[in-house]
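Colleague: Can you read through this structure? Questions will come right after.
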Amino acid sequence: MRRKIAYPLLALGMTAGATLTVASPASAHGYVSSPPSRQALCASGAVSDCGQIQFEPQSVEGPKGLKSCDGGVSQFSVLSDESRNWPAKAVGSSVNFSWVLTARHKTSTWDYFIGGTKVATFDDGGAQPAAVVNHTVDLSKFPGRQKVLAVWNIADTANAFYNCVDLNIGGSSSSTPTTAPTTSAPTTAPTATTPPSATTPTKAPATTAPTSTTTAPPAAGGSAWAPGVSYKTGDVVTFNGVRYQTRQSHTSIVSWEPSIYTLALWLPL
Ligand SMILES: [Cu+2]
């Protein structure tokens, strides 16, 4: 919805301290930030040479009913280019999809497809979603590498937003702590070297999850916020002299400054 303005350039023209009050980031809609959708990978720079989509991962909008990664938007066709060898995120069989919305459009449904089969749907009945939306989807019937098409169907327009998320389901390898409830995880359980007398159930092999998840960008101390950075939940940044901590892993883009997305994405400290 709304005009497609090249706001990255527009924003760059603004002076640093400019109060973006009226700004109300136009043309900002939403995308799947975790596991990273293809557009998220482009925005973070994990996949290069994506073209315009890297600046507006939230803009893959097209008519409802499509099954394409690019929403039929020619300038975003790279998203449908399977020759790009999109990296697949290793996840458990229960996956939590996180959407970051910058325009909270009234929503009919959120649909998830694999190979043309609808594997999950969440009906919002026309309600307005929060700025961050999470869905837990059981993908245990689809092990291995899969391309999930996640669709956000808007209630009051004929359009939808499209995301393709490449996953390696059940691929253990730590990956995101995806809260993974039950999930009958391949309990390769480190066969606790603990001696027999296992009287104490030693509540699970310290699932304190090695959150180290490699990548782990610095940011810790509170480096200056910047666009194009893949922030992880809990990261701290400074923006216009104020420190913020992010509530949601996401790739930052111009127009999503902490001062604008306070509460939705960033909590002032
Ligand atoms: Cu919109």
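A Cβ is built for glycine as well, from the same backbone N, Cα and C atoms used for every other residue.
For reference, TrEMBL lists these features for the protein:
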- 1-28: signal peptide (SIGNAL)
- 173-220: compositional bias 'Low complexity' (COMPBIAS)
- 173-225: region 'Disordered' (REGION)
- 222-269: domain 'Chitin-binding type-3' (DOMAIN)
Colleague: Can you work out the mean pLDDT of the predicted model over the domain 'Chitin-binding type-3' (222-269)?
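Modeller: Across the residues of the domain 'Chitin-binding type-3' (222-269) the model's pLDDT averages 79 on the 0 to 100 scale.
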Colleague: Count the residues of the domain 'Chitin-binding type-3' (222-269) that DSSP assigns to helix (H, G, I), to strand (E, B) and to coil, and report the three numbers in that order.
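Modeller: Summed by class, the stretch gives 0 helix, 19 strand, 29 coil.
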